[in-house]
Structure formats: C-alpha cells, structure tokens
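Participant: The structure that follows is given in the form of structure tokens.
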Ligand SMILES: Nc1ncnc2c1ncn2[C@@H]1O[C@H](COP(=O)(O)OP(=O)(O)OP(=O)(O)O)[C@@H](O)[C@H]1O
C-alpha cells in the first residue's frame, strides 16, 4: 500500500491537527515498549513523532491540570485496529500512572477483563480474525492525584444472531471453540459436549472458497 508522504514511515501514524491517523501494520512494531511509554510521558504533543501514547498522555495531562473529563474516540472500519489501539492506551495508563499496591487490582481488572470480553464478544469474520461483535464504552476514573481508582466497561448491541448463523467463511463467538478445545474432560462430560466442533451445526465453519465452489456446483447440477 502507498501511504501519504507525511506519514511517519516507522510507526504508520500521522497527525491531522490533533487527530491521530493510524494504519494497521498487521505485524508487531517495536514502538509499544515501556521505553517508548517513558519517552512520551509528559512530553509536548508535537515534540515527538505521532503516536498513540502521545494522545493518551495528552488526554491524561489535560485532565489532571484542568480537573475535567476527557475522552478518546477511536473509530475506523472493521479490522482497522481499534481494539488493539484501545488495549495499548490501557497499557500506557497501567504503566505510567501513579499507583499503589491496592490500586494495582483496578489496573489488573481493566487489563484482564479484555480476554474475557473478547472470548464472549469476538469472532472471526472475513475482514478480521478477532472482530469485536459489540460496541464498547470504557471509562477509567482517576483520583485527584491522577491515580486510576476504578472504571467501567459497557458493552452494547452484541450481534446475537451470530450464535445461530454465521456468513460463509466466518465463525461463531470464540468462547464456543475455546470451551471445546480447553475445557477439561469432566466439564465437557458434565455439559454433555464432545471436543470436536465439527459435530455442532452452529460451529461448523464453511470456508469462503469452499462455499463458493459448493454454490457453483449446485448451480451446475441444477442446470
Ligand atoms: N497496532 C497494531 N500492531 C500490530 N497488529 C495490529 C495492530 N492493530 C491491529 N493489528 C492486527 O489487526 C487485527 C485487527 O485489529 P482490531 O481487532 O484491533 O481491529 P478493529 O478495528 O477493532 O476491528 P473490528 O471493528 O472488526 O472489531 C488484530 O487482530 C491484529 O492482528
């Protein structure tokens, strides 16, 4: 793909005013390290190359100095990298905000809730192997010292129909496959389940190419 020439070629991120435009690199870049977090911490917005951490740090510092609420809106098409971006912002706050041993529980809950939410709310689609099939609103509450003391994650509009119907080449919610793959023998026995997902009509994934050839075959047979 061709990127705008102003785009910082290393991070695939650039600014339009104070808006960060980020291109999904589809590979791990060495720009989300603790060293990078320390680099962006407390530094003026335009002093360093465009980065998610600059957005996160700016929102945090303005909140602390103005004592008011701030939000970061992440938008983009499916597969653009919104979920990954939100996780990186959470990690940034987890590492850089002042904390106490007690507050680490809040931090851990915010970070560790993600795998659970993704298990129940994410699924493979044609555009994204880990697509969020629900809207997410997340807030973090800070005390007057700027330490994270709590938060909410609200989910809404989950794609319930996926449980009983998936488009060709797509899958059901991850949790069903995870349960069959990772659930221990006793649990599966108690639930009356077998380990093989191919046994369940709602979990059988028909690949896009296979479904196309089936479709064509049935058309030809029909003729
Ligand atoms: N910053 C990144 N670095 C490396 N890979 C990334 C990054 N952002 C996204 N990806 C890759 O792209 C995939 C899709 O990203 P993500 O799930 O965040 O998209 P999304 O915008 O939330 O999509 P959806 O709207 O379908 O939920 C990820 O599973 C990951 O493999």
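Placed from the backbone N, Cα and C atoms, the Cβ positions cover glycine too.
Annotations in TrEMBL come from automatic prediction, not curation.
Copied straight from TrEMBL:
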type	residues	note
DOMAIN	1-223	domain 'Myosin motor'
BINDING	76, 77, 78, 79, 80, 81, 82, 83	ATP binding site
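Give me the structural setting of these features: burial, nearby parts and distances.
Facilitator: Under DSSP, residue 79 (ATP binding site) is assigned to coil, being neither helix nor strand in the three-state scheme. In sequence order, 24, 127, 128, 131 are the residues near residue 79 (ATP binding site), counting only same-chain partners six or more apart with C-beta under 8 A.
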Participant: Other residues with Cβ within 8 Å of the Cβ centroid of 76, 77, 78, 79, 80, 81, 82, 83 at the ATP site?
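Facilitator: After dropping the recorded site residues, what remains is 24, 128.
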Participant: Under 8 Å Cβ to Cβ from residue 80 (ATP binding site), same chain, six or more residues apart: give me those in sequence order, or none if nothing qualifies.
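Facilitator: Once residues fewer than 6 apart are set aside, residue 80 (ATP binding site) is near 24.
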Participant: Give me the count of other Cβ atoms within 10 A of the Cβ belonging to residue 77 (ATP binding site).
Facilitator: 8
Participant: In this predicted model, what is the average pLDDT of the domain 'Myosin motor' (1-223)?
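Facilitator: Computed over the domain 'Myosin motor' (1-223), the mean pLDDT is 85 on the 0 to 100 scale.
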Participant: Between 76, 81, which of the binding-site residues has the fewest other CB atoms within 10 angstroms in the structure shown?
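Facilitator: Counting other Cβ atoms within 10 Å of each of the binding-site residues 76, 81 gives the minimum at 76.
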